[in-house]
Amino acid sequence: MTDRVLKSNSLKSVSGNFTAERKKVAMKSFVEVDADSHFPLENLPFGVFKPSGEELPRPGVAIGDFVLDLSVITSAGLFNGQNLNNSDCFFQPSLNKFLAMGRPAWKEARSTIQKLLSADESTLRDNASLREKAILPMNKVQMLLPTVIGDYTDFFSSLHHAKNCGTIFRGPENPIVPQWFHLPIAYHGRASSIVVSGTDIIRPRGQGHPAPNSPPYFGPSRKLDFELEMAAVVGPGNKLGESVDVNDAADHIFGLVLMNDWSARDIQAWEYVPLGPFLGKSFGTTISPWIVTLDALEPFTCDAPKQEPRPLPYLSEKTSKNYDISLEVRIKPDGEKDSSVVTKSNFNHLYWTLTQQLAHHTINGCNLRPGDLLGTGTISGPEPESYGCLLELSWNGQIPLSLNGTTRKFLEDGDEVTITGFCKGNGFKVGFGTCSGKVVPALV
């Protein structure tokens, strides 16, 4: 293990309206963590990886530029609490079994890992052999999807996105349908085409609106778009026929990932009436590999927007909260050295909360399962520079965007889209890493 791992990283205490975890202790790890890192000791996001030259996936936790191999920690007998002792959840090729164990196991794992990685704990710090096996450079591993995703639902929870899309397609007189203010609207997406960050996205083919006196267009999408989203990863599910109370819904959400729900706007516009999106959305969805837990995000909670009219009782929360997560999207054209920022938004712009989304999903008795993914929908803010997709940013192709000397209305082949997200407090970040994908030409 390199000397770089053993350097201490002293993190200042945080002032302000943050939780007791930050107020009580200034986190310090024996693993070096850069001040600008997304993965300090306060974060500890979970993922699944394969070490270089090995074939067996296993769960891990990010710390700075390193990955802690949880299978090694388990083999060493260091998960010895009442929930994780003798459990094989970290010998699995996905996080599903761990997610199903619920919040007591999640908290036990988090507190154990924080203690093991802390600067004043010798168990791992002073055991060179164990440290060599357990702490791996992040650039020497391959990140995989963190869960087996059985089902995927995509919501439509941003008021500004709903208003902009409605204005573009229906006009400014009545841009938002009345039911939008009464329930979190969603559709059932395609889980099989969800891919991990870094996977190329093949330009989809399909039908588009016909020209006058012509059959529908068929061919590669001419309006390929990104969508700036995040997604909740479901923990324990619910039985078929039962629902989850909105005030208990947080116990069914393990954490969040970044998400790009790629969209073919021309295909979508032609097909979506009357049943909604199909081929315009099902060709590819990219997520970031690290799941940031709700416990890690707790210091960054904020009030959710006031909802008028008041939601029905099953959606009325005792405490309605969002998260202050800064989000950014960059596009790098093919052959260019530098990328350009095309939007900056924030998770706190969502009108419907994560817990409302999950409670509504189950109110009819639909059973969720560990590892299921619930997308937020495009996260747009009130200003043009905070719009969450090219459909809005270019106003459906009417206003080209400038990218370091070139322009874009929609994505072109070779464009690489990268989403980043983080919470920031007192000089360090709790972040999500990146969610990226490159557009490659349609198959012939």
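Just so you know, glycine gets a Cβ as well, placed from its N, Cα and C.
These numbers come from a predicted model, not from an experiment.
The annotation active site, proton acceptor is assigned in TrEMBL to His161. According to TrEMBL, the Ca(2+) binding site annotation covers Asp154, Glu227, Glu229, Asp261. What TrEMBL lists as substrate binding site is Phe156, Arg170, Gln268, Tyr272, Thr378. Here TrEMBL flags Asp261, Lys281, Thr285 as Mg(2+) binding site. For 42-146, the entry in TrEMBL reads domain 'Fumarylacetoacetase N-terminal'. As annotated by TrEMBL, domain 'Fumarylacetoacetase-like C-terminal' applies to 155-439.
Between the listed recorded positions, namely His161, Arg170, Lys281, the fewest other CB atoms within 10 angstroms of a CB are found at Arg170. Across the fold, the C-alpha of Asp154 (Ca(2+) binding site) and the C-alpha of Lys281 (Mg(2+) binding site) stand 10 Å from each other. Residues of the domain 'Fumarylacetoacetase N-terminal' (42-146) grouped by DSSP class, helix first, strand second and coil last, total 43 helix, 24 strand, 38 coil.
Confidence annotation: the domain 'Fumarylacetoacetase-like C-terminal' (155-439) carries a mean pLDDT of 97 in the model. Using a 10 Å Cα-Cα cut-off from Glu227 (Ca(2+) binding site), the binding-site residues that qualify among Phe156, Gln268, Thr378 are Thr378. Sequence-distant contacts (6 or more apart, same chain, Cβ under 8 Å) of Glu229 (Ca(2+) binding site) comprise Asp154, Leu258, Met259, Asn260, Asp261, Gly375, Thr376, Gly377, Thr378, Ile379, Gly388. Long-range Cβ proximity for Gln268 (substrate binding site), meaning a same-chain Cβ under 8 A and a gap of 6 or more residues, is found for Pro277, Gly280, Lys281.
Cβ neighbour counts within 10 Å, taken over all protein chains shown, single out Phe156 as the most crowded of the binding-site residues Phe156, Tyr272.
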